[in-house]
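Student: This structure is in structure tokens; I'll ask about it shortly.
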Amino acid sequence: MTTTLQQRSGASSWQAFCEWVTSTNNRLYVGWFGVLMIPTLLAATICFVIAFVAAPPVDIDGIREPVAGSLIYGNNIISGAVVPSSNAIGLHFYPIWEAASLDEWLYNGGPFQLVVFHFLIGIYAYMGREWELSYRLGMRPWICVAYSAPVAAASAVFLVYPFGQGSFSDAMPLGISGTFNYMLVFQAEHNILMHPFHMLGVAGVFGGSLFSAMHGSLVTSSLVRETTETESQNYGYKFGQEEETYNIVAAHGYFGRLIFQYASFNNSRSLHFFLAAWPVVGIWFTALGVSTMAFNLNGFNFNQSILDGQGRVLNTWADVLNRAGLGMEVMHERNAHNFPLDLAAAESTPVALQVPAIG
């Protein structure tokens, strides 16, 4: 009898935990994806803060030239970063127990892998948690679909690009200046500005900003007045009210006359779908572009493509961009013995003039 009661008590405790995890009445929804998200994002955040403040220099290139990224080694908020793991580690999984000592783990940039892997698992779980909450509330699943765009971008720079280049040392550093350095090196090595997927991403981000500003200003300019001249118009809205808070007909008429009739949406649902889809698709293409350039399927090359009647080169902006890329490539290679191959002007000298006969 005692054993039976203990089993029922244990079962009821587990059932209570399951109901709490999946309850939509909590102030913050947890969900089963949240059970995975919370510890992974906490681990990533704690390790990032400690490494950003106090991590020792990391031998990022694997040539015994450590790069300092933490605050206590002289960096500030702008220049500081969690430096990627060493090129000597390559793509190997490098947890703490794989190193001979904690000092070795820190010297080879182990904290970077710890932060990135926990962060990626955390944002994947956050996306799943968005779907889970939508499912529990009977909503459609497009919120997690929209969130998949930044998730794809983070996966591209932290996971796919290192896989394509053969080392986690090529991943994006976790810092402001490190991000800029990553962008400059990416342009130098892959000519990303001439890649059509990057162009689509720029159109998505800037176009989304433009459309968001246009939509917000149109709505704000066509609010239905419910207050006096001396009160804020925001007091004219009550949460959950059934009436429209702005006059979509007036906004449609204004914008249709400002541009042309068919440039304005007359359907609020299709309008908001467009506002969501435009930047999401653009960022998807950017992530896809970074993922293809990870395997050296680079941007277009129009260098020295225009010649005059005598065969002399007429420089274009493509040539200016190429010269800038060469300069960035030189600055990127800190060690002289690893001179970039695409800058070598002379023919390589063979080690052996002829293959020796065997036997």
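Including glycine, each Cβ sits where the backbone N, Cα and C put it.
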Student: According to Swiss-Prot, which of these ranges is transmembrane segment: 87-108, 197-218?
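Tutor: That would be 197-218, the stretch labelled transmembrane segment in Swiss-Prot.
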Student: Quickly jot the same-chain residues contacting the transmembrane segment (274-288) by Cβ under 8 Å, restricted to those at least six beyond its ends, or write none.
Tutor: 142, 145-146, 148-150, 152-153, 155-156, 197-198, 200-205, 207-208, 211-212, 215, 265
Student: Near the quinone site, what residues other than HIS215, SER264, PHE265 in the same chain have a C-beta no further than 8 Å from the centroid of the listed C-beta atoms?
Tutor: MET214, LEU218, ALA251, HIS252, PHE255, ALA263, LEU271
Student: In DSSP terms, helix, strand or coil for PHE265 (quinone binding site)?
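Tutor: DSSP call for PHE265 (quinone binding site): coil, neither helix nor strand.
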Student: Calculate the distance in Å between the alpha carbons (Cα) of PHE265 (quinone binding site) and HIS272 (Fe cation binding site), and round it to a whole number.
Tutor: 10
